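Chemist: If you scroll down you'll find the structure; I have some questions about it.
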């Protein structure tokens, strides 16, 4: 038998110091690269191995162990993964022997024989049932890093072509100060309105303090809170409609006003519930143990100020806090915020605006042309939405939480893996979702409203605020945003039906991405074009 560069070469020597028993001595050799088996010498060596095994059985020490290892190696080799495993097979068998016997196999010939049997032409190549890597049963058990890299390459190539095409067709459209135009810099009424909004939280604090001191009754406090919150949301609407302002300034003011409104409702609703619980000591102790938080009912101005600037919409007297502020981390996040905000503005000015301006109304022109425009607009619209999500819900909220030592920073979940539209609303905007569940959904259930109606009420409130944030700054009251949000209700039913029918989560996720890409691009064209 000829063996070239095997892991170990063996020779048989006779030791005459104590007795004349034959022992098998292992001699290290060069790195194993290839094993060449000769059919004629195989039979001779097999006979020698058998003879050696018979003589070793008579001895109860090391040679007996050798025979056991040879037999075990042969039996285990027949159940091995493939005949071409080679040295990895040897390593695997050696590790198994170490686990079973606590021995390393030094001085034994089982490992070398395992290599020889593994390279036999008669070794079975197919020994167990296996699935193809891209089959439905095994696709999520494999690594898809290569396909991910391919998608990145294709994405860069496609977007590179779009960039070149856009520059050749429109030229460079970005002007200095594209975020803040001359009109937006003169929006002093909107700025003054924004600066005056903290008056409403102060009024809410005075109402709660009066109730705590029993200067006014509960019903009077409820009436005052309704008046305060209604005035707070209508005040910026009137200012925007009566003053000619830039769209960006109007959207910013309406977003800020909606956030303050949601916080005021949570502040009033939570304090009312804390007053009710404080009247029953048993309930208070039970709920404090359930919440695993020890705080009592107290109307504190400091708590209100912290709540109004904290990255949450749900009020509570105390929050989980971190130990310190990481200044270097904050600086890095601020740099990212500037970069991605500029990138978002670049996409809007260079891509979305020319597409919208050069389009016909999708409901009044050629259907195929409208579909082509919507598909072309969907890609930059997706990039803008992702940049906006990353800038606001990740960078800005984490920066604010770090500066305020706010501990609970689960501002979103893995909404990109959502299987239904219902899961998107649950995973995506966690502060809004927690507010809806806490102050809309659960109160409806506690008052005997059916679950389906409670969900519909939550969608209705969300649709109203979407319409306010888009229609008021754009001075377009066509209820497209309201319809888009309420359209999610039948879409939830459809996606749940398809997911139950096909028993596959991929169907719901694909439906979500289709809804995510195209309807919003259509809405943008319908809303902007006359």
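Any Cβ shown, glycine's included, is placed from N, Cα and C.
As annotated by TrEMBL, active site applies to 466. Residues or ranges marked as compositional bias 'Basic and acidic residues' by TrEMBL: 90-107. What TrEMBL records for 1-107 is region 'Disordered'. The transmembrane segment annotation in TrEMBL covers 147-168, 188-207, 219-241, 247-265, 334-352, 382-406, 453-473, 479-498, 505-523.
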Chemist: With pairs restricted to those 6 or more apart in sequence, evaluate whether the transmembrane segment (247-265) and the transmembrane segment (219-241) have 3+ C-beta pairs under 8 Å.
Modeler: yes
Chemist: Using a Cβ cut-off under 8 Å and a sequence separation of 6 or more, which residues in the same chain sit near the residue listed as 'active site'?
Modeler: 481, 482, 484, 485
Chemist: Which sequence positions outside the transmembrane segment (479-498), separated from its termini by at least 6 residues, show Cβ-Cβ distances below 8 Å to it?
Modeler: 419-422, 425, 455-456, 459-460, 462-464, 466-467, 469-471, 507-508, 511-512, 515, 519-520, 523, 526-527
